[in-house]
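Inspection log for the structure reproduced underneath, given as structure tokens.
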Amino acid sequence: MPSAFNIARAAIYATVLLWTIICLAVDVHLHGLLATSDLTRFIPFAIFVCSASLIIMLSLLGFTLMRERSPISTRIELGCLGLAGTFWLSLGAFLATSDSESADVECFASAGSTSDVIDMPGFSSDTYHAMYRVLEAFSLFNTILVWGFLVFLSALVLRQHFMGHRSMWYCAVTSYPWFGKGKGSGLPNPVASRSRSRGRSIGARKGDRYSVWKPRSHRAPVHAHLATDKYDKYKRGASPRR
């Protein structure tokens, strides 16, 4: 089962991806309807931001399936999030300060005519303003989500860094236990370590017994030597003097 952190990360990225697709669809639709002018400069910029964000989010979500073999490490993901967040922040600021927000749509009978204003079925100034507000709102939402998760992940990274677990810079975000004890959690558990230490202590006690028994084996020749001396003395005392 994936951890709560990985589930929240996937939900945030999927939400950003969904809103990016909606913004891209609106931009492409406006690009096909509106003539190029100073008031429509936000459209190509919005298409670029949506396309770049789409590539980034699809990469981050796609390589998540590779888990430990993912080529996107923590530092690369932080850089991607910072880049995507900067793009969305720039687009949101541009949309909020542009004169295009209050512009009206005028449809002419021909491309060279500027006097024969006609009504275009299905598209008007109200429709344009509604689409513009959608772009502005979703840009703000994506900015909040991307920068919010970036700040949260940066706090986790700095916490692990100051704890001494600097290996997390080079592994995938989804494979690191951010709320655990770092890479040290992969070592044998305390029960196994105590059993090994108990085995070492038993082996040490066996070695002590052997060292105690070993001098006893040296005393046997000593007793034999004393018995031999006694036997020689007995024989010398029993022989007649010459």
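Just so you know, glycine gets a Cβ as well, placed from its N, Cα and C.
Taken from TrEMBL, the feature transmembrane segment covers 12-30 (among others).
Sequence-distant contacts of the transmembrane segment (42-66), counting only residues of its own chain at least 6 positions beyond either end whose CB sits under 8 Å from a CB of the stretch, comprise 6, 10, 13-14, 16-17, 20-21, 23-24, 27-28, 30-31, 34, 72, 77, 80, 83-84, 87-88, 90-91, 94-95, 98, 100, 135, 139, 142, 172, 174. According to TrEMBL, the transmembrane segment annotation covers 42-66 (among others).
Panel annotation: around the transmembrane segment (78-96), residues 16, 42, 45-46, 49, 52-53, 56-57, 59-60, 72, 132, 135-136, 139-140, 142-143, 146-147, 149-150, 153-154, 157 of the same chain, lying at least six beyond its termini, place a Cβ under 8 Å from a Cβ of the stretch. As annotated by TrEMBL, transmembrane segment applies to 78-96 (among others).
According to TrEMBL, the feature transmembrane segment maps to 137-158 (among others).
Positions annotated as region 'Disordered' by TrEMBL: 184-242.
The compositional bias 'Basic and acidic residues' annotation in TrEMBL covers 226-235.
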For the transmembrane segment (137-158), distant same-chain residues with Cβ under 8 A (at least six beyond the ends): 9, 12, 15-16, 19-20, 22-23, 46, 49, 53, 74, 77-78, 81-82, 84-85, 88-89, 91-92, 95, 168-169, 173, 178
